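Inspection log for the structure reproduced underneath, given as structure tokens.
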Amino acid sequence: MLYENESFQLNPEKMPKHVAIIMDGNGRWATKRGLPRKAGHKAGAEALERIIYAAKELGLEHLTVYAFSTENWKRSAEEVGAIMDLLRFYLKNYFKKFVKDNIRMHVIGEKSRLDTDIQKAIAEIEDLSREKNGMTVHVALNYGGRDELRRAVTKIARETADGMLSPDAITEDTISDALDTAGTPDPELMIRTSGEERISNFLLWQIAYSEFFFSDTLWPDFDKKELERAIYYYQNRERRFGGRLK
Ligand code: IPE
Ligand code: IPE
Ligand code: MG
């Protein structure tokens, strides 16, 4: 690896609170090895477990990962089925282990399109998570940024129609609070793996001022060192939020 001998001295005072990751490249990882795509998704799930613990060690408060988009249903039934089976397995096994380790698990996205046993397992994990106070991992499942905004608009429109909210009283916070990520600070850092440089409908509202880090590493190969590299670059950037340079 190119960066093998590089070491990244992270500044504990400038740690991001929230990192979001587009975990991309599972299929290419498998194809490169002559394996079926589902083997890439399995290796990707193992990478996620590794990165959850790495993020916890680094002291992040929130980690949001893109696991399945509203557009991913377009893939073959075989691939979608393999991803859902993997999800089932992880929900019932690993996610419970994460919660035991004081990690809060939270799912964002439109859950009603998921199989009912998966919805039940999600509800159970989120319930168990409520008594935990460690890092929160938000897993985006059947998630699309536009779909999330659409659902938020419906929610707000209903409140105005019911006379609970005046249209003139709608603020940016009203919108933030109607999203799946309500109560979570916006991600300071957004990482995408696999060399693709696009957002693919992830967290459209929340990334208004996020810093972006694109890694050529395929997701199943992503490790703590690469996460540290991303945070290091983030810490060495100047965030201006539209203001003047000092
Ligand atoms: C990301 O890896 C995982 C999901 C989208 C579910 P991909 O499956 O998109 O892998 P590539 O991009 O085809 O390599
Ligand atoms: C984004 O990756 C979705 C996830 C990582 C879950 P995709 O592989 O689906 O995105 P595109 O099709 O390359 O934009
Ligand atoms: Mg992809």
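Even glycines carry a Cβ here, placed using N, Cα and C.
TrEMBL lists Asp24 with the feature active site. Per TrEMBL, Mg(2+) binding site is recorded for Asp24, Glu211. Residues or ranges marked as substrate binding site in TrEMBL: 25-29, Arg37, His41, 69-71, Trp73, Arg75, Arg192, 198-200. The feature active site, proton acceptor is assigned by TrEMBL to Asn72.
Long-range Cβ neighbours of Glu211 (Mg(2+) binding site) (same chain, at least 6 residues apart, Cβ-Cβ under 8 Å): Glu188, Leu189, Met190, Tyr233, Tyr234, Arg237, Arg239. All protein chains considered, the CB of Arg192 (substrate binding site) has 23 other CB atoms within 10 Å. With respect to Asp24 (active site), the closest of these recorded positions in Cα terms is Arg192, chosen from Asn72, Trp73, Arg192. Around the Cβ of Gly25 (substrate binding site), the same chain contributes Gly40, Thr193, Ser194, Gly195, Glu196, Thr217, Leu218, Trp219, Pro220, each under 8 angstroms and 6 or more positions distant in sequence. Closeness to ligand 3 is met by Asp24, these being the recorded positions among Asp24, His41, Trp73, Ile199 whose Cβ falls under 6 Å from the molecule. Trp29 (substrate binding site) carries a helical DSSP state (H, G or I). Listed recorded positions: Asp24, Gly25, Thr70, Trp73, Arg192, Ile199. Those with a CB atom under 6 Å from ligand 1: Asp24, Gly25. Cα of Ile199 (substrate binding site) to Cα of Asn72 (active site, proton acceptor): a span of 14 Å.
A 10 Å cutoff on Cβ-Cβ distances gives Trp29 (substrate binding site) a total of 24 other Cβ atoms nearby, all chains included. Listed recorded positions: Asp24, Thr70, Trp73, Arg192. Those with a CB atom under 6 Å from ligand 2: Asp24.
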